[in-house]
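J.: Have a look at this one.
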Amino acid sequence: MLIDRLAMRDRGAKYPSPVTSSNNDRLPTTGDVHLYADPMSYNTQAPVLYADCEGLDGGEAVPAGLRHRTKGKEEALGILNDVTNVMGKTGLGRSPRPSTASRSSGVIDTSSKRKFGKSRYASQRDLEWAVTPETKKREYAVTQLYPRLLYTFSDVVVFVLRNPRAFESTVLDKLLEWGSASIDKSLNQPALPHAVIVLNATDNVDDDEWNIETATARLLDDISGAIFREPRFEEQARLWQAIGRTINTTKDLLDCYYASITVIRVPSRGRYMLMDDQMGKLFELINKRCQASLLTKKRVRMLATADKLQVYLHAAYDHFSRDLDTPFDFVKEALKHNPIPQDFSGNILNLAISIGNNSTKISQNGGGTQQIFENMVPMISSCIMLDSVRQNILGTPVRLLDDAYVDFCNVALEGYADFYAPCTFSHPKYGKCYNVKFGHDPKGHQNKHGRIFAAGNYQSDVDLQDFAGQWIDQIRNHLRQLHARFQEATSRVREQSEQKVAADLHRYQLNDFYFSLGNVGDFISHSTCFSCLRELPEHPLPCGHVLCLPCIQAYGIKAHTTVEMKRCPLHERETMWEPAWTVVVKPQFAGARVLCLDGGGVRGIVELHVLRAIERVFGERLPIQLFFDLIVGTSTGGIIALGLGVNNWSVEECIKTFKHLCADAFRPRELSGIPLLEKLVTINHGSIYKTKPFEALLREKFQDRPLFGGANDHSQSEMLTKVAVTSTTSIDQHSVILTNYNRPDSMDDELPYRLFRSNEPSQEFKAWEAARATSAAPPFFKSFTKADTKSSYLDGALYHNCPVLVAHHERRMIWPDIADTVPDILLSIGTGMNGLDNEIQSTAHRTEILKGGETVTKRKRTFLPVQLAQIAADRFDRILSCNAIWSDFKTDILSQNSHVTRDSHRRHIRVNPDLRFKVPRLDAVNELDSLERATKRYLNLNRGKIKEIAHRLVASCFFFEKDVGSVRQVKEGFECTGRIHCRFANSSNEMKYLGEFLRTCLRGDFEPYFVVEEAGTLPDDASKIPMPEANITDMYLRGTFKLKRIRVVVSKELSTTNIFLCLRTELYPHSSNAFLPISGFPREMMSEDSQRKSEFLSVRLVSMFTGNMSG
């Protein structure tokens, strides 16, 4: 009535509402739990959702709606099983037909045969506890499962009663039964639900009882002594009295389960004006109670957005479908989906949480808030000291603490006390209270099993108002001591820089601090550098710890492109790596080289042959992945990216593995190829192809190595190439990327995807899981569910079949120092097209046009059942739309970038071979040979373009490093000095193989050479820097590359400089010249240092103050 009444005011929209039954209908009309939108609040900031379920009594009768929904599928399953039963007798099938009894009774069938496609807005789960005849009944689920969910999440619970005289014997019993059955099934519940009792079809009452306050007062007065008349109520009252609650009336007992009790009367038919008036009051009452509940949740900072509520609901469904007895923890679930801020306060909080969870020595001594934070005083003080020296901030560290860090420290302390420190109250029989401060008030003291064993407020081991000031004083005093030691050390060891002295002092503090906590191997974070508490951890070490780049550089041996680590600074006594662990570092001002791989199923073989053709230009001994800093892939392109960048496979190994995967992945099911039956099999299993063999093969090939972090004893260096693969979350259908690297969160809320990084290192994606998640293409395969988090993922091609936009944004966020410059190269490789009908189809397929990184045509979010079964195959095969995405990216994104140079389009290259025949479906395994032949034919016809790409990658291996402090003003304008270096390490095989390639460029009198020029000047003014044959021979034989120092002169401080590499005299077809820029050029070499320093300080200040305000 509420929905229909309000919807009448908005005649342009139709809002779904429950179907009511007739007076003579003995069956409930709807089954399960359904959510309906409130028309009045639908477009507001706080929309109201009405949850409808079968009712309080449940019953074994299957509701009419559920019968209607399943009838067609039951019949289809019956036909299918009839066939498989017959075929089973001949050895072709094994599935017996379910008995008639099992299909018509009220028993819940939890077997896999019942996992059908979901309705548009529904999701299904197996009930793991439904294992006995009793627990399999519908009535059991309705009376045990629904109350736990609805009571736990509802802001208002509305009970409708026709006969008020039966209230005490029916509704009051259910009110208390619902409350008592559910109140101990959640921990840290932010607010109890409000109860509204609707006395329906009321006749012959005083007019003043149409008033809500009067009706409520009279009903509660009538039932005031019910707890003394009914033994069941009296028993509940005694239980609450035993834990300290005062129970004198029935309302006192109801207040233990509900935030408020309100009664409203609704007249019977015939009094339509009064009915409309009462329904208006009911709507206002529900809205008022909802607002009160929202304010309570907001006050304790546990108010969920629409997206988060969806996540929490699914988490609760997952939880209670597995276990009806263990309570659902609101705070624990909320913290999973609310990342801790990546600022100093968030990093202190991360360390405090880790100490509370992992420090055996602290826990043995109580492990309270005060002890944890006092133990961190030396660490925090040393981090502040180190940061002040690293940033060369004027003033003493104590002044820096008072001016900038005090607020961060207080925010961390308050955050821990509010959300992570359980109440310290304990009971000799029931144990400790598990509720935290912000989830404590509604219920009082609860143990880990959910039992409420005492009334009372939250108790803490520390008075924050007193302790906060004392704690800051401790940090201040320790800082003074550190600063004195720092000054004494710098005056004694004058040949060492201040940064080196501060780093050494900090290292001593680190080792003592973590030794005092217990096993240092337990303190690992993927979101906080546990060395400095200041930066984002990016570089995993063999011991499992992950450090930021400044800490790696401070404690390692630096070269031009690498840093060697012999020990972990957190526990030097326990680590000694021989040979040293090598960390690859992008040279300052060097550019980025990005590879982008489309999705396309078996057509991924096209991408692999393109990569092999490029690699063959180098001579095949230089793996293609060495020439890229970042590889981004979707679906089949994601699997290739993981193979190249994470597993470090050669292209040949990728091709071999890819063919093996295709053969196993697209393995037909039984009855495949038989009309109708083939579709029934797909409906029955939920996918066209078997998922388990595909998943098992991915696990075999990629094994269990973590995608990011984790102890590594099988390598001598970290992964050389950064890899990102796209996926899609099943619940909210949001695009995500899974990466083998860390980078700062984007401040751009309009980013069309988000980076997934687990708060728990143990729950990090494994390489095989990432491969499975990026390629879970419905309806070909089932979605991928990560076992330890229960999160479900779909193919990344749903949003980014051509992931060039992801590659563009990731390049800018990973390397902010070159975010506003063009990349050295962004190579996008497609999975083939049919040029014959390109023009006809491209118009039809260009349904999503990218404008400034946003999708203009919004994709409707559904839960992918019948809709995806009909359109998913077509969507995943729309390869021409990838060309459109690429074209729009170049037109729109690049045109908006003011830093784009005239040759930027030469750096953004797409290779999508024209197959000259209809592009096969992504599951057309039998077309692999024809795809290979067509791709080779295309590559033979486009050898010039492939060679240009390879040569451009070679040029990007060289970079220019300025001499420190060499920029100065001279008569001609401005000058600096420096050297051209190679990214490959000296004495490495890679350097030798590159020298071997350069030898092939020596033809006649021609030798490769570099060109240095000021942009906009005449070619005659350029300087030519030869690469003599002797230098190339040194590279080839000894693996060394060294050119003489060069002098660069420009006319103005802001002039742009170009440095090119010339490998041949002929012009390239794509660039129309023979000059290829080395990495990072063009550059404003005379002014870039001051600009970078200004931007860096600006970013740090913005980060510091926004982090402070967000806390």
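Cβ from N, Cα, C; glycine included.
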J.: Give the range, chosen from 28-32, 633-637, 758-762, 903-907, that TrEMBL lists as motif 'GXSXG'.
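T.: Among 28-32, 633-637, 758-762, 903-907, the range TrEMBL annotates as motif 'GXSXG' is 633-637.
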J.: Scan 1-28, 57-84, 477-504, 729-756 against TrEMBL and say which stretch is down as region 'Disordered'.
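T.: Feature region 'Disordered' in TrEMBL: residues 1-28.
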J.: With DSSP assignments reduced to helix, strand and coil, which class does S635 (active site, nucleophile) get?
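T.: Coil, per DSSP.
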J.: Report the DSSP secondary-structure composition of the domain 'RING-type' (529-572) as helix, strand and coil residue counts.
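T.: Here the numbers are 8 helix, 10 strand, 26 coil.
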J.: Can you tell me which parts of the same chain pack against the motif 'GXGXXG' (599-604), counting only residues 6+ beyond its ends and a CB-CB cutoff under 8 A?
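T.: Counting only partners 6 or more residues beyond its ends, the motif 'GXGXXG' (599-604) has Cβ contacts under 8 Å with 633-640, 658, 662, 666, 775, 777, 780, 795-797, 801, 830-832, 876, 879, 919-925, 927-928, 931.
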J.: Pull the DSSP breakdown for the motif 'GXGXXG' (599-604) and write it out as helix, strand, coil residue counts.
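T.: Taking each residue of the motif 'GXGXXG' (599-604) in turn, the totals are 4 helix, 0 strand, 2 coil.
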J.: How many other Cβ atoms are found within 10 Å of the Cβ atom of S635 (active site, nucleophile), counting all protein chains shown?
T.: 31
